[in-house]
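Found this in TrEMBL, in case it helps:
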DOMAIN    2-275  domain 'BBS7 beta-propeller'
COILED    291-318  coiled coil
DOMAIN    333-442  domain 'BBS7 GAE'
DOMAIN    450-552  domain 'BBS7 platform'
DOMAIN    555-668  domain 'BBS7 helical hairpin'
């Protein structure tokens, strides 16, 4: 659909007939001329239109997967489906590449400036792959799964080689893609814990002659970064919208001489943020004229709203009549859900984001594994818990979130326990008639707190688990997919594969190397090896595969893991102590009238009381979680020796209550 603005009103220039869902829309044209041709990708077909709406191209790519990303450069067309990349020139196949993990975006460095074709793929495994023809020239590791790529300043910056990337965990960076190696220019960490980045544009909205960076995130945040004198961007403006921002562009749209940021959101709204001043400084006559303009604008918006409400009522009546007539088939309204279930590295919790194209009435969360629901500041829904009978029907959690009117997006935070695996289900009911519900399922994996990483420390004391047997490469890969997050569903190319993981809660690590008939897993945490041993032998037994399991246990690794847990445990114990003191100190302060008589440490606790209590509230069961990990470590250490030490657990808990690191290590050694 193409809109034009006349006297501040949006009017349709043209629209196409409905068809398959449009995955991408890009502008193209002859190089070095205005890019005025409109290209769209729907299913496996590319169609192109002139700016007046006349179709001049229909190209069926015959790809087996739907097109997910597209980039146009002159007569070159770069496409990617989930795992496949294709390059076409004048609709003729040129190059092809099969990626080891999902491709989220594709771009090409500006051919008109560099006189070479350099496509770049953003892949889910935290890697940008730089291609030459059908081969990978080199790979660039980035700090999160990249979701979007854009040319810096819209043209590749000063060198023509500068590429911006945004990640699903909200990080933003700039890399120079030279012919031989990448040069990392800058990176912005997501300190404010905002949403993942979905779209980027470069446009001088501040009006200082330097293009600014416009960023749209999946939590509805729109940001403007300026460069000014520094080479690194600085956040200048931000604006929160109620839905995820699917596209962002800068330009002059609604009113001459005032630039705007135009954004589209998940449910189909197109919104403009303007640089036009809302309060004009002027003489009385001007003021009156301005007020009149605003009044006219408001009344026209009111009329539009009333018209829309009337149309909705009419359609609702038509729907009721048609669904109640004797010839009517059961008409269940369908609705789309945009969902995301990801592990946050910062606090080792999962974020479940549910977004619906219409207002959500309620969401029921059910889990067959023990999980904790954590508080989310942005969440205004009212939560109520139902009692569960985990003994008879494997129900560990039943919680209902009742949403306020017009809530289309709900964010939940969940913390799982490693070794406990199963399914989390979300039953989403929107405010539509008749009442309809959709169920989404999310797998909580045995090693759910592990995240893919590019490097591990090979000098740590490692425990090794080795599997051999009559299993294929695809079978052992499916077991790894079952156990660990962030592993591609399809087995990677080649005969042997290596994956590295890091535990986001404890910072322990895991190395997995496997091929047909053999799998080797190494970790500095015995509990990780123990979980893998139990789950893999269970999976192999299900498929009637005979496994030979051998393991090498490194005694030093237990002490090493306890030392990694120590700072976290000490911090939580201290936090709990401080929170216990707050009430007594407040009483003293009221009694004495001031805090001057208190020692600095106690004064500090009183000053930070709100912050401490908030942090304590945000981390329910954090201490129990750490106690559980130490207990598992103790049991697993002796399990590999063939000793059952469950009777000694109460003794261990006593030591933890009066925690001392050396006493704990001595207990582990002596038991």
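Start at 1 and count along the chain as shown; that gives each residue its number.
A Cβ is built for glycine as well, from the same backbone N, Cα and C atoms used for every other residue.
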If you run through the domain 'BBS7 helical hairpin' (555-668) with DSSP, how many residues end up as helix, strand and coil?
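Taking each residue of the domain 'BBS7 helical hairpin' (555-668) in turn, the totals are 93 helix, 0 strand, 21 coil.
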When the pLDDT values for the domain 'BBS7 GAE' (333-442) are averaged, what is the result?
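Mean pLDDT, the domain 'BBS7 GAE' (333-442): 89.
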DSSP-wise, what's the residue breakdown of the domain 'BBS7 GAE' (333-442) into helix, strand and coil?
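Counts, helix then strand then coil: 4 helix, 60 strand, 46 coil.
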Count the residues of the domain 'BBS7 platform' (450-552) that DSSP assigns to helix (H, G, I), to strand (E, B) and to coil, and report the three numbers in that order.
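Helix, strand, coil within the domain 'BBS7 platform' (450-552): 28 helix, 38 strand, 37 coil.
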